[in-house]
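Data first, discussion second: the structure below is written as structure tokens.
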Amino acid sequence: METVDTSQRLACLRELMKERKVDVYLVPSEDSHQSEYIAPCDGRREFISGFSGSAGCAIVSMTKAALSTDGRYFNQASKQLDNNWLLLKRGIESMPTWQEWTAEQLEGGKVVGVDPSLITASDARSLSETIKKSGGSLLGLQENLVDLVWGKDRPSRPSKKVTVHPVEFAGKSFEEKITDLRKELEKKKSAGFVVSMLDEIAWLFNLRGNDIPYNPVFFAYAIITPSTADLYIDEDKLSADVKKHLGDKVSLKPYTSIFEDAKALGQSAQAEVNGGASDPPRKFFISTKASWSLSLALGGENKVEEVRSPISDAKAIKNDAELEGMRACHIRDGAALTKYFAWLENELLNKKTVLNEVEASDKLEEIRSKQKNFVGLSFDTISSSGPNAAVIHYKAERNNCSIIDPEAVYLCDSGAQYLDGTTDTTRTLHFGEPTEKERKAYTLVLKGMIAIDTAIFPKGTTGFSLDTFARQFLWKEGLDYLHGTGHGVGSYLNVHEGPIGIGTRVQYSEVPISAGNVISDEPGFYEDGNFGIRIENIIMAREVKTTFSFGERPWLGFEHVTMTPLCRKLTDPSLLSDAEKIWINEYHNEVWEKTSGYFEEDELTRNWLKRETQPI
């Protein structure tokens, strides 16, 4: 990870700020759809700061610059930021939030500028209130100043073809999904829903794209009313098959006309009020993640209602076809990972091959690509050896990465997009003799992963409540990890999917776990400069039978679908309970039963799998 000299970029940005009478300028990570993962053309925060992580906000004043990010990226940011930048570590008590730091720069009635398409309406209101206390004000600038600094070197916006996602994998037609959405909107007396999140649009219309790396989505907006369905998309992205799929039930409109139409909808709603209609006017709904600019186009906070997206809620509860697809693709994916780990061990120990982290991950992609229904990777593979494994979201660069050390911990976090599902698996291995500390750390993390997997809890329980199940064994030793325990996973969609998850984020306390949710289970431990441990399975929430049923409500548990062995060499059986040993042995028996058939003619992998799945 190289440090980028940002001095000239900051100087140019400050000149533009001065011209526009802006004292502080905000550069969020997200695009105009509030996507976590973005297209290269939207990488403004990375361009101005040099920090390439997926989360964070850059704040630039006329004399200072700060970058705020969460615990996943503290190590990475400290390496990538040059001396122009102060790192604000989110969640650390001694550190101000980026909003507080911004307010500190504003004495004397200064102005904070931001592109209103890159910040949510609720965040804009909250920030405005914070900076008002320091005498400052928030100004939305329609032209993005970082884009002006970037100039002709900024990548162009992708315009790749959209494809139909077959109903055999989707499990429900797009017409049924729109009908369900309309019923939900009618219950809440809404005039309609303006859809801005890209994965929600892809899911709703049973379409997939390729505009953002690793995420099968496409740039679009949609407006759904009781009688109309409008899709705002560049028409050259649509094939004849896609147009036939949508038929006459969906009106196609230019992507750029969304704000003009939103403004017209807002004015139409106001006209109804002025006309003296007897019933209260129905408001349009937008997601709480919709942009400030979209809210303003519809008339502002008094004219629209910001809600947790009903599409997000529906999408998170997978139907039977999606759940079956998840089971199937994880078996194939687990077989690919097993083949890769067997190959890697053989290359390092028997052939004494010198491999770097990227060469190894390239081999994994090659193996995966041969699996049925493979489309591509679901995120950049984290292939990390030794101290690099302590960088939670490490990215090995092709011309600047480490040789894999057989005598050090190797952490591999990887996933793929298949037509029938999305995978995300982490395994930590050791090809030599691990230290006692490495074995203890691994086993404590494993115990936490098993605790989530085997949890039984009443309906209505949130991921916030479950988080301590995973951390308890580390906490007893005074250890912890600075990331969430689990995130929602899409079905041939984004590998990080809301609104559910397991962790300490406020949002995880708001939405309970429901049957049909697909979530990662991935506790970890990281010792900077030395090693990192993470173990990740994908689990699916389901109703379970219990001896009793207190409160006469359903009880839930999890079904794991990830099928690749855990690391025997790093596991210390003396730290495991009898129940945990039984779980590991049963899990490994399941892995053998479901994946060994892939290796009937592959003796190397079959022998490795048999060895790794023996009872402990």
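The backbone N, Cα and C atoms fix where each Cβ goes, and this holds for glycine too.
Just one of D405, D413 is listed by Swiss-Prot for the same Mn(2+) 2 site as D424, E536, and that one is D413.
Among E407, E522, E552, E559, only E522 appears in Swiss-Prot as part of the Mn(2+) 1 site alongside D424, E536. For D424 (Mn(2+) 2 binding site), the same-chain residues that are 6 or more apart in sequence and have a Cβ closer than 8 Å to its Cβ are S378, F379, D413, S414, G415, V489, V495, S520, E536, I538. Take the CB of E522 (Mn(2+) 1 binding site) and look out to 10 A: across all protein chains shown you find 26 other CB atoms.
E536 (Mn(2+) 2 binding site) has a Cβ environment of 22 other Cβ atoms inside 10 Å.
In sequence order, D413, G415, T425, T426, G486, S520, D521, R534, I535, N537, I538, T562 are the residues of the same chain, not among D424, E522, E536, whose CB sits within 8 A of the CB centroid for the Mn(2+) 1 site. Cβ neighbour count for D413 (Mn(2+) 2 binding site): 24 (other Cβ atoms within 10 Å of its Cβ, all protein chains included).
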